[in-house]
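Scroll down for the structure; my scribbles are underneath it.
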Amino acid sequence: MASDKHFSAIKGAKVLMVGAGGIGCELLKTLALSDFQDIHIIDMDTIEVSNLNRQFLFRQSHVGQSKAKVARDAVLKFRPHISITPYHANVKDSDFDLDFFKQFNVVLNGLDNLDARRHVNRLCLAAEVPLVESGTTGFLGQVTVHVKGKTECYECQPKPAPKTYPVCTITSTPSKFVHCIVWAKDLLFAKLFGDKNQENDLNVRSGDASSSSNHVEDVFERRNDENIEHYGKRIYDHVFGYNIEIALSNEETWKNRNKPKPIYTRDILDNEPTQQNGNVEKNGGTSDPSSVSAMASLGMKNPQDIWSLKENSRIFIEALKLFFLQREEEIGNLTFDKDDQLAVEFVTAAANIRASSFGIALHSLFEAKGIAGNIVHAVATTNAVIAGLIVIEAIKVLKSDSKSYRMTYCLEHPSKKMLLMPVEPFEPNKSCYVCSETPLTLEINTNRAKLRDIIEKVVKSKLGMNAPSIMHGTEVLYETGDDLDKDLLAAYAAKADKVLSELNSPVIGGTMLTINDLYQELRCNINIKHREEFDEEKEPDGLVLSGWTQAPSLVENNGNKSVDNAGSTSEASTLEVEKDDEIEIVAGKKRKLSEDVIPSNAGESKGKNKLEVLDDEDDEDLIMLDGDSGANKKIRHQ
């Protein structure tokens, strides 16, 4: 039976939940049923139809409303005596500052992106409030505990970066369907419907670069009074026919590869205009531009059907037509969105036609959408299990039972007859620049690089600071903030464009810069090391930051450039789960299994049992259990 200390820890606790999505709904319900009395929820999202299959506190009538507020109202119906305070806001807003975090006994995260997770981690460290992190991806999940000075913080270990692909593979030699998706989404869709001035590798390569450039410009620019169907077929013939023929002219490329085949509309489509199921306005048009559908216009209904080459070609032409006929005002500013039906249809069709050309298996719209949006479909049961584990760890934290803290991994397949794998937390990483304040080292050419390079490429991009200030000794080199006047902001902007060695207080080799983020209450030092040259392929930023713990991007092969397939979360550390919560499993990190999980009579040495997550050649996560038998047992995550 639970002790009085157990109940008093729960009833007297003030808890902050960040995120009211897949995990958040389950977590709020479990907290309420566990008799927590004072719960605060922050979530900036509104409810979407796609949330309803697993975020059970929401109904169809709630679509478009605040997740945090609706979740509160739903739970109060069966627990009216407790206090739930919702905030429909971004956790990174200045209202949620250090003083705000200090009022809580524990913070529980159910977030969907790396940037927000880092922000909450830093504020919890500054406020000295324990943090329980969590994430799910399909059948996988995990819960981790972070207590300042006792366990590693969220940023003590590297986080996997989004998958990237070399441009040469995407544009010239695709071998997987995902290569075709990236080509259709990040190159073709962007070229047709995004910024017309952007350069990308859809430009045709030939012996005469200038004529090639002119040819491409003519193709992608719709001519005055040109029939839209004619324009669509011209684009089709160019990218799936002419471009492939140009690629085939380089015989060296195809010595050890299967040659692609050019595809032209004359070989696939009839000469008659595309037959629509009624008129465009009736079948393709809706009041919501993101719901316009080429499938509806052509009378195709099942997203799980795999379309033939002819059907893909019809969808390609029809989708392009609908963009120009019904969404023309958006053209030039569009970016791919997995919730945009017409965009998904266009990308699916384009990827399938390209896949057909290169002898790659075709996929359904359902499958293509998952790949294009980096979606691993959420499983409600996993969210429920993880929410229960979060509450268990939160109770341990509130009871100050640090010896019982566990980081628990939820597996897809049993290991030692277990689906839940508890792991003892690690101590803080002494080289972590966030919780241990270890100085970083930045190698940079101080005679060429500008202060802006440090601001954008290091401070904001790599270190994830939102409102940074940079100091050299007592001089402020850069600062941001709502309270700064226009003249001061203009002065900092001008200073940012100066070469480092030419600043009033020159930044040269041996200089130490101090970086502060007032919102995150984070401070770190960067030692500057002058370096003349950098490898353009391996070090494209022209700088190297050491002591920073983010893992390198996952890159296929060795290419000069890569195309990011990160989906809608720009810094998501792993696959996006329909804007849901994400699992974060550290790649290449061995963790000691708790001794109560693996009994001493299991025939293995306790000291040798370790949990390790690896990447195999099929880009799937593996857990490796090391035993003394010399044989590694691998459990495939998915």
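Yeah, the Cβs are placed from backbone N, Cα and C, and that goes for glycine too.
Unlike curated entries, TrEMBL annotations are predicted automatically.
What TrEMBL records for this protein:
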ACT_SITE  CYS168  active site, glycyl thioester intermediate
BINDING   19-24, ASP43, 51-54, LYS67, 112-117  ATP binding site
BINDING   CYS153, CYS156, CYS432, CYS435  Zn(2+) binding site
COMPBIAS  272-290  compositional bias 'Polar residues'
COMPBIAS  555-573  compositional bias 'Polar residues'
DOMAIN    8-433  domain 'THIF-type NAD/FAD binding fold'
DOMAIN    316-368  domain 'Ubiquitin-activating enzyme SCCH'
DOMAIN    442-534  domain 'Ubiquitin/SUMO-activating enzyme ubiquitin-like'
REGION    269-290  region 'Disordered'
REGION    555-575  region 'Disordered'
REGION    594-638  region 'Disordered'
Inter-residue Cα distance where the pair is GLY19 (ATP binding site) and CYS435 (Zn(2+) binding site), in Å: 24
Residues in the domain 'Ubiquitin/SUMO-activating enzyme ubiquitin-like' (442-534) grouped by DSSP into helix, strand and remaining coil: 24 helix, 30 strand, 39 coil
Additional residues around Zn(2+), ordered along the sequence, whose Cβ is within 8 Å of the centroid of CYS153, CYS156, CYS432, CYS435: LEU125, GLU152, TYR154, GLU155, PRO428, ASN429, VAL434, SER436
Count of other CB atoms lying within 10 Å of the CB belonging to CYS432 (Zn(2+) binding site): 19
Secondary structure content, the domain 'Ubiquitin-activating enzyme SCCH' (316-368) (per DSSP, counts of residues): 35 helix, 0 strand, 18 coil
Other C-beta atoms that fall within 10 angstroms of the C-beta of ASN53 (ATP binding site): 12
Binding-site residues (ASP43, ASP112, ASP115), the one with most neighbouring Cβ atoms at 10 Å: ASP43
Alpha-carbon distance [GLY19 (ATP binding site); CYS432 (Zn(2+) binding site)] in Å: 26
CYS153 (Zn(2+) binding site) and GLY19 (ATP binding site), distance between Cα atoms, whole Å: 19
CB contacts for CYS156 (Zn(2+) binding site) [other CB atoms within 10 A, all chains]: 22
